[in-house]
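Engineer: Quick paste of what TrEMBL says about this protein:
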DOMAIN    106-205  domain 'Fibronectin type-III'
DOMAIN    312-414  domain 'Fibronectin type-III'
TRANSMEM  416-444  transmembrane segment
REGION    500-539  region 'Disordered'
COMPBIAS  514-527  compositional bias 'Low complexity'
COMPBIAS  529-539  compositional bias 'Basic and acidic residues'
Amino acid sequence: GQTTLKSPQDIQVYAVNTNFTLRWNYTGNDTDVTFSAEYRFDDYELSVMEWKEVPGCQNVTRTECDFSSAITKYEDKHHLRIRAERREEVSSWSNIFEMIPCFIAQIGPPGVELQSTNGAIKIKISSPEANQDQKIWINDLIFSYNLVIWENSSNAEVRSQRIVPIQIIDDLAPNTTYCLKVQAIIPSEPEGLFSPIHCVKTTRKVNDLLCATNLSIVALNMEFHLHWNNQHKQHVRYNVQYLLAYLKTLYDDHSVKWLNVPGCENITDTQCNFSSVITTVSWIYLRVQAVGEHNKSCLSKELKVDPLRANEIGPPGIKLDISDALLHIQISPPGESQSETMRHHYDLSYRVLYWKNSSNNEEGIQMKETKQTIGTVSNLTASTLYCVKVQAFSEAYNKSSRFSKEECIKTPGDKILPLIVLATFVSALAVVLLVAALLGFALYQAYHKIKYVFFPSCQPPLNIEGFGVQVFISPYLSTTEEQIENCFIIESNITEEGNQNDFKDYKHSKQSSRDSGNYSNDSNSGSKVSEETLEKGIV
């Protein structure tokens, strides 16, 4: 039926941690009006979402109610609506209000406990959701804490600093009242609510001369040294102790978790190398325990160490070489054994300065920046001394090293003259080889001619060689031709005397014919036959 009741308006939800409060406005002038709320949340397993009554928000007379018990799924979208009621009469439902609990919830105030001790204040913090069964923030370790502290006096200076769950605040005036409040913070989330203000009065601080003071760090290329001052004039032994920083983010007592640095136990020096406990990704805390006579001990103030920020970058190493008209620069990252760590974590770049070194003056300094460990410089001048120095730097950490030691190298001279000399030498060598080849060829030909003339390889016929008693003369030598007498054998009846005379004449003719060399194979064969016939006739 019809009703005169108005619907509630301006629905809002206020959430602190897991505490949810629903608020609204009602503009009607009706009396004896109550309000009831319903909700539903997105459930993808159900095709139809049913409205349910909100526990704690039924028939309430105020314009707000606590519905924390109704919220169990903090990452799901919830829908809310409210209506006004008076006996059997009800108004229409309000506009639907949508919200996701974890998005609108605000970080609540943390718990704070204070203790005044030896001029300092020890603060112990508990998380905003400590001792709660339902938690919207899954892990207490995600919280960090911001402290605001001031002296309880007029015109006091307010200072703020990040603290851990168990923190000692020193450097305070003795016998002075300080007030403070603490706020829990989650990165990328709205800032949380501050705790109630707590005040405490400091005590008088006892200055123990046994304690080490003025702790400081000297670090170069990931080699870390701790230095401190000794106030005690008598014999004192020291133990350097460290604590991993993450242990301080825990809410339990970390005082028993300090460890001694290896090599820094029972030492009498006021310095120690603690590189062995350094990891590049983990912060640590350091302190020095001084032990005097009768085993009396005193702990120094703690020193927080961020390795990558505390470390200083040393100068890199360089090597120079020249080839193909280029100056090659080879860069060695800072730190010998730790060079890989330095290059990886600092993302090092290099600033290269080079110049012509003439008359001990740096002329025309030029600069190049590179991330590579090998660089080149072109357009060099011949016979010129070039000098180079390199600086390493890290943009991420805003750190830079000192420049390396200057290295110099001289470029080779002009190559035209050596080429001319080389060409001249090659040409002369070619001429000498050509002349030697021609001379060798001439001697070779002369040698074969002489051997062919005086020592022929072919032998004269057997009918010539050894005939008679005269020395053989080469038939190829030109000699004066002699008149050859033509002799004939007359085969007739002759007297023995006549035959003998004729045979002598024949032999004379044969000798002459041999000397002259004018013979032929036919005449030779004919002579031989005649000679045999003649000898037979004589016999």
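Don't overthink the numbers, they just go from 1 along the chain as shown.
Every residue, even glycine, has its Cβ placed from backbone N, Cα and C.
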Engineer: If we skip the immediate neighbours and take only residues 6+ beyond the ends of the transmembrane segment (416-444), which ones have a Cβ under 8 Å from one of its Cβ atoms?
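Structural biologist: Distal contacts: none.
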Engineer: What is the pLDDT of the domain 'Fibronectin type-III' (312-414) when averaged and given as a whole number?
Structural biologist: 86
Engineer: Please list, for the domain 'Fibronectin type-III' (106-205), how many residues fall into helix, strand and coil according to DSSP.
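Structural biologist: Secondary-structure breakdown of the domain 'Fibronectin type-III' (106-205): 3 helix, 47 strand, 50 coil.
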